[in-house]
Amino acid sequence: MMKVHIITLGCPKNQVDSEGMSGILAAQGHTLAASADDADVVIVNTCSFIAAAREETLAVLRDVAACKTPEQRLVAAGCMAESHRAIVAATPGVDATLGTREWTRIAEVVETFQPAATMAPLNAASAREIIPLTSAGVPSPAPHDLSVPGAYADWRTAPIRRRAVGPSAYLKISDGCNLRCAFCTIPSFKGDMRSKAIGAILGEAQELAAAGVKEIVLVAQHLTDYGRDLGLKDGLAILLDEICAVLPENVWVRLMYAYPHGIGERLIATMARHPQICHYLDMPLQHAHPETLRRMRRPPDTDRTRRLIDDLRAAIPDIAIRSTFIVGFPGETNTEFRALLAFLEDVQFDRVGVFRYSREPGTPAAALPDQLAPRIIERRWHEIMRLQQRISRERNRRWLGRVVRVLVEGQGQTDDGRMLSVGRSFRDAPEVDGQVLFWGAATPGTFVDVRVTQALDYDLWGDVVGVLDGEERIVKCIQSVG
């Protein structure tokens, strides 16, 4: 049996895949090492989102390779191992590659390891064997055939056995994307959207809740397209009804990557009806000017988007809406950029993430004329971030004096010995949004009610007015320390 250490780069979907690999390895008797130094095999789950992510991936692979002993092996798995397999496989020290559709074979790779082995990619057009290669490049006998339909299905049926859980966990409900946005490479290595069966999702959600998870974050490349390949209309709303039927009311369900053209009346009503569903929606929009959106190959109807946001706020008055945008897309004029700023000022999103346009080889956007200079992109990024910083602060100030429920994530001690706890409200997704801080020692994984006393640009401070134990309110307060 081998000791394995997994390093995860990139998005929450990658984190779920790493947890899947971890569970498969543990089920086969392998142990997970706390560090690369202690491992027989180091797996780097790579990211290929944009050029900067690929540069980080290669840097991490080089760093791990430089430190590994002659007995250790290095596996590059995931997105960049799929999208740029030749480059990854040629990186000195990488002993094997495993693409995004192959990670359920990780135990086989670990157990049949050969020095300088590599894995042949799956051919999406026909059945194909996974063939380990010797250091001389001569094919070894393949252990057995693997058909592509099975490969696509494996990730949907493979159990995600998490060895350790925190207050929140990601649950991936689909993989791949049917959209073909001009700037995006993801469909080229993820393929079309493929949904996980509702029953499998419910089983995973119940396991997470039974393990003590208090927040389940649903993720996908395109969350609101869920179930289309299964023949479902309003698939996400149907799934949410089923999830909320099996989860206790004290478990949050959060929606991320919910594209607007999949949001309709039924989904909005479902979000408003169930107490488990956070009044929060991450809705990527990318831009707000119709001409920019057309070049992006995104729906250009900004007026429809405004109406959708109005509908969401009418049905769920306290909803926190997050969006992401791209600045510096080819041909973005100053007029188009100003229209984006005006849109943010008008709509008043609670949370916003902004990407600088990255010219990705092979995408339609890379061939567009009028590519913007990096200095212009950088200037526009800073301008839009300054605007959103002010908007975020103003949105936060609306909560002064009000009580918010907070999921406690951690605690610590200041230099002068005061205990400080930190968590998130329903308005804050893990890793990308703000936090709520308060004095005192609260137990991670519990809910507390906090009265907001200070609003910063992205975070809130407050005083605890009550704690929750299970599903019942306890009328007591954590004593403030100073």
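The count begins at 1 with the first shown residue.
Keep in mind that glycine also has a Cβ here, set from the backbone N, Cα and C atoms.
Binding of [4Fe-4S] cluster 1 is attributed by Swiss-Prot to CYS47, CYS79, and within the candidate set CYS11, CYS67 the record adds CYS11 to that site. If you take the Cα of CYS47 ([4Fe-4S] cluster 1 binding site) and the Cα of CYS184 ([4Fe-4S] cluster 2 binding site), they are about 14 angstrom apart, rounded to a whole number. In this structure, of the binding-site residues CYS11, CYS79, CYS177, the smallest number of CB atoms within 10 A of the CB marks CYS11. Helix first, then strand, then coil: DSSP counts for the domain 'TRAM' (397-466) stand at 1 helix, 37 strand, 32 coil. Counting other Cβ atoms within 10 Å of each Cβ, the lowest count among the binding-site residues CYS47, CYS181, CYS184 belongs to CYS181. Sitting within 8 Å of the Cβ centre of CYS11, CYS47, CYS79, and not among those site residues for [4Fe-4S] cluster 1, are the Cβ atoms of LEU9, GLY10, LYS13, ASN14, ASN45, THR46, SER48, PHE49, ALA53, GLY78, MET80.
CYS181 ([4Fe-4S] cluster 2 binding site) falls outside any helix or strand according to DSSP and counts as coil. Apart from CYS177, CYS181, CYS184, the [4Fe-4S] cluster 2 site neighbourhood in this chain, defined by C-beta within 8 angstroms of the site C-beta centre, holds LEU179, ARG180, PHE183, THR185, ILE186, PRO187, GLN221.
Residues belonging to the domain 'TRAM' (397-466) score a mean pLDDT of 95 in the model.
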